[in-house]
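Here the structure is laid out as structure tokens; the discussion comes afterwards.
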Amino acid sequence: MEASDGEEHIRDADRVVAPPNGGMNELLNVGQEDNIQGQMEEFLGPQAEYNEEEEERKYYRRKRLGVIKNVLAASVGAMIVYSVYMGLLQMQLILHYDMTYREVKYSNLGLEDIDRKMLMGINVTPIIGLLYTPVLIRFLGTKWMMFLASGIYALFVSTNYWERYYTLVPSAVAIGVAIVPFWASLGNYITRMAQQYYEYVNYKEEHVQEQKKLPKGACHSYIIIFHSVFHIIFHLSFVFAEFPMRLVLNDYLHESNHILCNVKTCGAAVSGVIPGFNTTVLTRLPRSMLLIQVESVLMGFAFLGMIIFLVLCGAAYRPTEEIDLRSIGWGNIFQLPFKHLRDYRLRLLCPFFIYSGFEVLFAVTGFSLSYGVCILGLKSLWLLIVVYGLSCSVFSSLSLCILRLPRWLCLMSGAAVHFVLLVALLAWSLHIKEPPIKGTWYLGPLIVITVLWGLGTALNKTGVSTLIGMLYAEEKERLDFVYTIYHWWQAIAIFIVYLWSNMPMRAKLSILLATLLVACYCYWVMEHRLARDVRPRLPRIPRPRHKVSKHRQTDR
């Protein structure tokens, strides 16, 4: 009995000794779980060094820098595209004008007829731009419209590798189709960037957080600055467009004694462009390989402009906003540009829109040829255009004065400068009795007139674009419509300039002067109505109609 009791005590002792080891393991597991849970809470909980307000401020600072990057990228991209386009077109027209070049290289093609139809495609096609521009912009989006249009300009460059009727004319028509959408998208994009910059600066405001309409005049200062920056950069396209002319073609041009030997009158007494201009302007024909190399360089820059639009330019609208813009119905999108013409502000600005198209083309084709080349010779054309481009670029910064001065000062100052120059050009005609004339005597006055004309152009172009942005700054859903109307009227002006090429110079100057006076009067009437707080008649934009799929309807 005693032995059996001892064995039971030993078994009980074993049972008592075993539990402490298991208990320790269980305690260790519980301790590890508590430790992991504490680390997770520490990781997921609020950090002592994390400042939410500071991080938010850094986030919106990056957003503001992104907006500035977008404005610079759009400006540089547009400048590159138009530098390539204008430089190639100028070189092409000069080469095709030379009779020897036409007969030796393309004797059976009829380059003169091809050039006429090509210019017709560029100048006539934009007339119908009002019909399709808003639909294209809403369908593709503002950024993708700019990218597609720059691709069409690159297509025009590529067709010059093989100069035939079926390559040059269709590409010229495509450029005519793309002009109005390209410029309407650019104007819309720059104004939208100003609105976005305001939103990122005032991100704490209630109307910004709830995505409501901006207060009146809230983002005007950003619109002025961004449009000024755009035109400062873009107007350099006139400078870079002359590089092919100055670096390549100038060495093959005859001196003015040969080119102007039959020219008897210049300036206001001229009918057409330059009567008596020699049909042989090249001393020798440029090598085909040299022309291919120049076109390849231009093609590379055209692709660079496309890549800038594609990679560096951000979206103009949020994805939900783009969906809302498309969801109002394509029929409404087609009609709304016409309905916006009921707005008295746009109707009264139409003469300024037309004059804005007149004066740039007159500076590049009218004054530079009938005054500049007619007196100085073809070798000085690049100098006049470079001076004009630099003047436009530098003086575009003067539009920043609207930040402190009344906005009418910019447009009226440019109009006053052009009025004086137009009167002076009407009185300036030159009759050459004993050619050759000493063109260098007139180089100084021509440079001065070019600089002053560039001043007026800068104030006019920047002032009109800025004014439209300020008038519709709070109506972001209308921007593509109003900029389409603006650039469509400029396209009408381009067509009129194309038609008047054979008219007397005094008639052209008189049309310019009359348009300028009407534009100034209409602008004064518009500002007077705005001062009296006359409300414009704006068309109602329908509410977005979002389609709901059938399975969602059944779920509801």
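Every residue gets a Cβ built from N, Cα and C, even glycine.
Just so you know, TrEMBL annotations never went through curation; they're auto-generated.
Under the heading compositional bias 'Basic and acidic residues', TrEMBL lists 1-15.
What TrEMBL lists as region 'Disordered' is 1-20.
Beyond the ends of the transmembrane segment (67-88), by six or more residues, the same chain brings 146, 150, 153-154, 156-157, 160, 175, 186, 189-190, 193, 196-197, 200, 226, 229-230, 232-234, 236-245, 295, 298, 301-302, 304-306, 308-309, 312-314 to within a C-beta distance below 8 angstroms of the stretch. The transmembrane segment feature in TrEMBL is assigned to 67-88 (among others).
The annotation transmembrane segment is assigned in TrEMBL to 118-137 (among others).
What TrEMBL records for 144-162 (among others) is transmembrane segment. Listed as Cβ neighbours of the transmembrane segment (144-162) (distance under 8 Å, sequence separation of 6 or more from its ends, same chain) are residues 74, 77-78, 81-82, 84-85, 88, 92, 136-137, 168, 170-172, 174-175, 177-178, 181-182, 185-186, 189, 292, 295, 298-299, 302-303, 305-306, 309-310, 313.
Under the heading transmembrane segment, TrEMBL lists 168-190 (among others).
The feature transmembrane segment is assigned by TrEMBL to 222-241 (among others). Remote same-chain residues near the transmembrane segment (222-241) are listed as 71-72, 74-76, 78-80, 82-87, 90, 186, 190-191, 193-195, 197-198, 364, 385-386, 388-390, 392-394, 396-397, 399-400, 402-403, 458, 461-462, 465-466, 469-470, 473 (criterion: CB distance under 8 Å, separation of at least six residues from the stretch ends).
Residues or ranges marked as transmembrane segment in TrEMBL: 297-317 (among others).
Positions annotated as transmembrane segment by TrEMBL: 348-369 (among others).
Taken from TrEMBL, the feature transmembrane segment applies to 381-402 (among others).
Annotation comment: TrEMBL describes 409-430 (among others) as transmembrane segment.
Positions annotated as transmembrane segment by TrEMBL: 442-460 (among others).
Taken from TrEMBL, the feature transmembrane segment applies to 481-501 (among others).
The feature transmembrane segment is assigned by TrEMBL to 507-526 (among others).
Where the transmembrane segment (118-137) meets the stretches 348-369, 409-430, 442-460, 481-501, the count of C-beta pairs under 8 angstroms peaks at 481-501.
Within its own chain, the transmembrane segment (442-460) is flanked in space by residues 231, 235, 352, 355-356, 359-360, 363, 367-368, 371-372, 375-376, 380, 383-384, 387-396, 398-399, 410-411, 413-415, 417-418, 421, 424-425, 430, which lie at least six positions past its ends and keep a Cβ under 8 Å from the stretch. Between the transmembrane segment (168-190) and the transmembrane segment (481-501) there are at least 3 Cβ pairs closer than 8 Å, counting only pairs 6 or more residues apart in sequence, which means the two stretches are in contact.
Most Cβ pairs under 8 A with the transmembrane segment (507-526) among the ranges 381-402, 409-430, 481-501 are made by 409-430. Under 8 Å from some Cβ of the transmembrane segment (409-430) lie the Cβ atoms of residues 265-270, 352, 359, 367, 371, 374-375, 398-399, 401-402, 437, 442, 449, 452-453, 455-460, 462-464, 466-467, 506, 509-510, 512-513, 516-517, 519-520, 523, all in the same chain and six or more residues away from its ends. For the transmembrane segment (481-501), the partner stretch with the highest count of Cβ pairs under 8 angstroms, out of 297-317, 348-369, 381-402, is 348-369.
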